Amino acid sequence: MLNKHVFVALIPVIACGLLLSSCGTTSQNQSQPDYKSTKTMVLDILQTDEAKKTMETMMKDESFQKNLIMNPETVRTTLIQSIAKPDNPHIKKAFKDPKFTSTLAKSMKDENKKLLKELMKDPEYQQMMLSILKDPDYEKSLLDLMKTSAYRKQTMQIMKDSLESPMFQAEMLKIMMKAQEDMMNPQSLNEGTKGKKKEKKKKSSGGE
């Protein structure tokens with residue numbers, strides 16, 4: 001089924017074709033009608049049953065549909081070129097729509113994930129990231145960011161989401177059960193404590 005917008009865009013073309021065909025029977029010596037008269041005539045023609053049937057037949061024709069369908073590569077190139085123009089008013093308006101940006105982000109999620117994984121394996125990218133992380137200005141900016149209320153609010157939201165996550169809850173339950181088992185078994189707890197004391201003693205004697 002063709003897009004409604006494509007159908008609407010075709011109406012002037014189809015109407016002109018119908019108009020030309022209807023004018024073929026008129027006298028050639030007749031003066032050319034002005035824009036208003038032509039527009040009225042076209043609208044009148046489009047309201048006729050014959051015009052509606054003609055358009056319906058054309059829209060059902062497979063060869064006609066194939067000519068209307070754009071090449072995927074052409075669509076992709078056109079989209080990229082449009083997005084690449086920051087002054088494009090339609091793109092600006094689209095990116096202000098939360099629904100559009102959300103859909104776009106979801107559609108690009110897998111591609112971005114794949115790209116990031118490939119970059120993480122790239123030695124040049126790794127070196128660049130290390131240089132950025134070691135940069136004093138970046139460190140200062142990061143610390144300043146962490147002090148802001150917006151960052152703290154976001155961090156609290158992440159912690160809240162993590163606590164509500166079934167996977168996180170299962171992991172926490174596992175840790176708590178392990179701690180409870182250790183408390184119920186004093187022998188293993190004492191052995192662990194003795195092991196820590198011995199390790200600490202070795203370190204202190206080695207330091208001397």
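Glycine is treated like the rest: Cβ placed from N, Cα and C.
Over in TrEMBL, the protein carries these features:
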- 195-208: compositional bias 'Basic residues' (COMPBIAS)
- 68-179: domain 'Spore germination GerD central core' (DOMAIN)
- 180-208: region 'Disordered' (REGION)
- 1-27: signal peptide (SIGNAL)
Secondary structure content, the domain 'Spore germination GerD central core' (68-179) (per DSSP, counts of residues): 97 helix, 0 strand, 15 coil
Return the average pLDDT for the domain 'Spore germination GerD central core' (68-179) as a whole number. 81
